[in-house]
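Visitor: The structure that follows is given in the form of structure tokens.
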Ligand code: ADE
Ligand code: ZN
């Protein structure tokens, strides 16, 4: 039997990255849409070999053609939350890329309402708490980001924050200073991908200019000791995605992953799955992989889980309950 994993929060999860091959076929059949193949083994092959972030993003964006209706988005999120519950997830703060859907002609309302109704149902039925973070696609630039934020504000009650994702290098955080200030003035939380493929300067800019409360990935911050000291002192959480980093070749192999060093440095590192349908595992599988390949014992896994709860934007009373569950798990 595989090793048990702790109750946890998942803070770095792109809902579009949870389209398993079976769901791809089911949605394409339902909406009468073409696919390169109807054979899930053939489709899965395309999921497995990436040279870098961009080669993954090419497949990821192409597969989104099957998401057209509010029901499609609802079913996508429900599938993820069912699997997340089985993985021990108590709280999921879920990324969505609205620009890519709106640019394909899908109404923003269908995206947001479809996801939001799935989140409410998961909370009522299974007690899994879920919240939405809208990500700006950095390669579409800052004006497009401002436009989508303005379009989303009528649905403000359905999301808690903004993020920044897609191709990193060449699109530094500094480009998005104004839209992050707009988000802050609306009372939205702020996170950003930085230091996945981009260097430590991307992480510094995200902190200094975007005023992010968490850094997504952030593994390349480890190249800069001063930045590491700052992340520790300011207790900035890092949402690390070990299987993703190996799949996209940000790290050569899991035994080389900096996660253990991040914990040794006292950073608020957390474990997450990023795009689990593509990278070989949901959050429990990421925990198991780091336990095995980095030799992290139960106490270290519990630390990672505690970090994840500390890093959520959930109400304090929920955090207290989840921390108690983790303490029970740790024994
Ligand atoms: N969009 C989906 N997954 C991503 C990742 N790992 N980095 C940047 N953008 C993404
Ligand atoms: Zn990501």
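Every residue gets a Cβ built from N, Cα and C, even glycine.
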Visitor: Where TrEMBL shows 12, 14, 193 binding Zn(2+), which of 103, 264, 274 is named for the same site?
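Guide: Answer per TrEMBL: 274.
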Visitor: What Cα-Cα separation, expressed in whole Å, is found between residue 274 (Zn(2+) binding site) and residue 217 (site 'Important for catalytic activity')?
Guide: 9
Visitor: For a Cβ distance below 6 Å to any atom of ligand 2, name the recorded positions from 196, 217, 274, 275 that qualify, or say none.
Guide: 274
Visitor: Cβ within 8 Å of the Zn(2+) site's Cβ centroid: which residues qualify beyond 12, 14, 193, 274?
Guide: 13, 17, 95, 165, 216, 217, 239, 241, 244, 272, 275
Visitor: For residue 14 (Zn(2+) binding site), which of the recorded positions 196, 217, 275 has the nearest Cα in space?
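Guide: That would be 275, nearest by Cα distance.
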Visitor: Which of the recorded positions listed here (196, 217, 275) have a Cα atom within 10 Å of the Cα of residue 12 (Zn(2+) binding site)?
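Guide: Close recorded positions: 217, 275.
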Visitor: Provide the number of Cβ atoms within 10 Å of the Cβ of residue 217 (site 'Important for catalytic activity'), excluding the reference atom itself.
Guide: 28
Visitor: I need the CA-to-CA distance for residue 196 (active site, proton donor) versus residue 275 (substrate binding site), whole Å please.
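Guide: So the Cα of residue 275 (substrate binding site) lies 14 Å away from that of residue 196 (active site, proton donor).
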